[in-house]
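K.L.:
Below is a structure I'd like to ask you about.
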Ligand SMILES: NC(=O)N[C@@H](CC(=O)O)C(=O)O
Ligand SMILES: [Zn+2]
Ligand SMILES: [Zn+2]
């Protein structure tokens, strides 16, 4: 028995098609105007008025397990992903112990696969314990299924170590996924070094902390030829550096988060902890440069940097709260409501940045809807509106600055390899 999804507006091969879609054995078997359901063999789902798009892909997620299960677990994090319309995520290695060895890569792959909510690809650490002192076992982690290497949460301060990391990753044909941050320049800063930091009399993090290390890395990426991916770009200077590097043919790709696209330092308000993330929210000029960078292809994809923390930790206030906000369960509605509905970008562009593009830059065989491909799908109701309520999150992390925002474009069903992984109707029934 398979599934027929009827009357949906399907995004397939770069165009919209209104009709039926048949899923069997985990694969998309047919897309036609009308499919009949002989002998009622298949489960039928009515998707009239909804769009059916490739399952969303988030290449930057913190699942926190092992070690920080009070913030999130593989189970709650992958459930949150499914609820957000995601079918594939990359998990960052800043766990405890740090994912810096083959066994931990295997642990994450096996546990997430057994749970089955979404496909999880581990990112291994660049350096042993993310201490920035010696390279981790990159080859061993690749063999167990790591898709890239990152010391996310920290910048790699040592230039010589970064050269070694890039040379090794290049040999292994693996990407370096870089959190760029000069720790001396960032100092004890908590938000962007700008107007709001002045008003609140707190130390700021200058844009230089990001873009000077990025400039170093881009030169090294050019000389080593490695695929260098920049995490959570936040400043206009970084956008320009990436633009220039791409024009020179450097093998660089980049991501931006929904919060850096939609918020600035001016939005920072109590509870301050919910506006504290790394890199910080910057200025309106930076925000506009990020949108421009996306549109002109300088920035390739949108990734959430889903970074759950406990409410206790976040209530410690601006100075003492940890950096990071959640993102999986609000990403698509936020971007749809505030970029597409405001006509800054098209729906089709948005879909590209969260499906086909991330698959393309990391060589994944997902991100498209077509007959013969795995059935990884998100069904989305563009007309459904509701306000963000963290109490309803599947994630343990309730740390979002978007509480109360009224948004359109909520996922109603997520299908992973032909199985319904999350369904709004079922959840509502038991709520
Ligand atoms: N983004 C954040 O503010 N925090 C992330 C680390 C990171 O992505 O750099 C975290 O792990 O909490
Ligand atoms: Zn980071
Ligand atoms: Zn991160």
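Yeah, the Cβs are placed from backbone N, Cα and C, and that goes for glycine too.
All annotation found in TrEMBL is predicted automatically rather than curated by experts.
I grabbed these lines from TrEMBL:
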type	residues	note
ACT_SITE	305	active site
BINDING	60, 62, 152, 305	Zn(2+) 1 binding site
BINDING	62, 63, 64, 94, 278, 309, 323, 324	substrate binding site
BINDING	152, 179, 232	Zn(2+) 2 binding site
DOMAIN	49-238	domain 'Dihydroorotase catalytic'
DOMAIN	341-420	domain 'Amidohydrolase 3'
K.L.:
Hey, what's the Cβ neighbour count for residue 324 (substrate binding site) at 10 Å?
P.N.:
22
K.L.:
Spatial neighbours of residue 94 (substrate binding site) among the binding-site residues 60, 62, 152, 232, defined as Cα within 10 A: which are they?
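P.N.:
The binding-site residues close to residue 94 (substrate binding site) (Cα within 10 Å), listed in sequence order, are 62, 152.
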K.L.:
Counting across all protein chains present, how many other Cβ atoms fall within 10 Å of the Cβ of residue 63 (substrate binding site)?
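P.N.:
For residue 63 (substrate binding site), the 10 Å Cβ neighbour count is 31.
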K.L.:
Under a threshold of 6 Å between Cβ and any atom of ligand 3, which of the binding-site residues 64, 94, 152, 278 are retained?
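P.N.:
Close enough to ligand 3 are 152.
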K.L.:
Using a Cβ cut-off under 8 Å and a sequence separation of 6 or more, which residues in the same chain sit near residue 60 (Zn(2+) 1 binding site)?
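P.N.:
In sequence order, the residues whose Cβ lies under 8 Å from that of residue 60 (Zn(2+) 1 binding site) (at least 6 apart) are 90, 92, 152, 231, 232, 255, 257, 303, 304, 305, 306.
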K.L.:
Which numbers of helix, strand and coil residues does DSSP report for the domain 'Amidohydrolase 3' (341-420)?
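P.N.:
Summed by class, the stretch gives 17 helix, 25 strand, 38 coil.
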K.L.:
How would DSSP class residue 232 (Zn(2+) 2 binding site) in three states?
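P.N.:
It is coil.
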K.L.:
In the same chain, which residues outside the set 60, 62, 152, 305 have their CB within 8 A of the centroid of the CB atoms that define the Zn(2+) 1 site?
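P.N.:
The surrounding set, listed in chain order, is 61, 92, 153, 179, 231, 232, 303, 304, 306, 307.
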K.L.:
Max Cα distance spanning 62, 63, 64, 94, 278, 309, 323, 324 (substrate binders), Å?
P.N.:
17
K.L.:
Which residues does residue 62 (Zn(2+) 1 binding site) neighbour through Cβ under 8 Å, counting only same-chain ones at least six apart?
P.N.:
72, 77, 91, 92, 94, 305, 306, 307, 308, 324
K.L.:
How far is it from residue 64 (substrate binding site) to residue 179 (Zn(2+) 2 binding site), counting Cα to Cα, in Å?
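P.N.:
On Cα coordinates alone, these residues lie 17 Å apart.
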K.L.:
Go through 152, 305, the listed recorded positions, and name the one with the sparsest Cβ surroundings, counting other Cβ atoms within 10 Å.
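P.N.:
Comparing Cβ neighbour counts within 10 Å for the recorded positions 152, 305 gives 152.
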K.L.:
Ligand 2: which of the binding-site residues 62, 152, 323 have a Cβ closer than 6 angstroms to it?
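P.N.:
The ones that qualify, in sequence order, are 152.
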K.L.:
With respect to ligand 1, which members of the binding-site residues 60, 63, 64 satisfy a Cβ distance under 6 angstroms to one of its atoms?
P.N.:
none
K.L.:
Quick one: give me the count of other CB atoms within 10 A of the CB of residue 64 (substrate binding site).
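P.N.:
Result for residue 64 (substrate binding site): 26 neighbouring Cβ atoms inside 10 Å.
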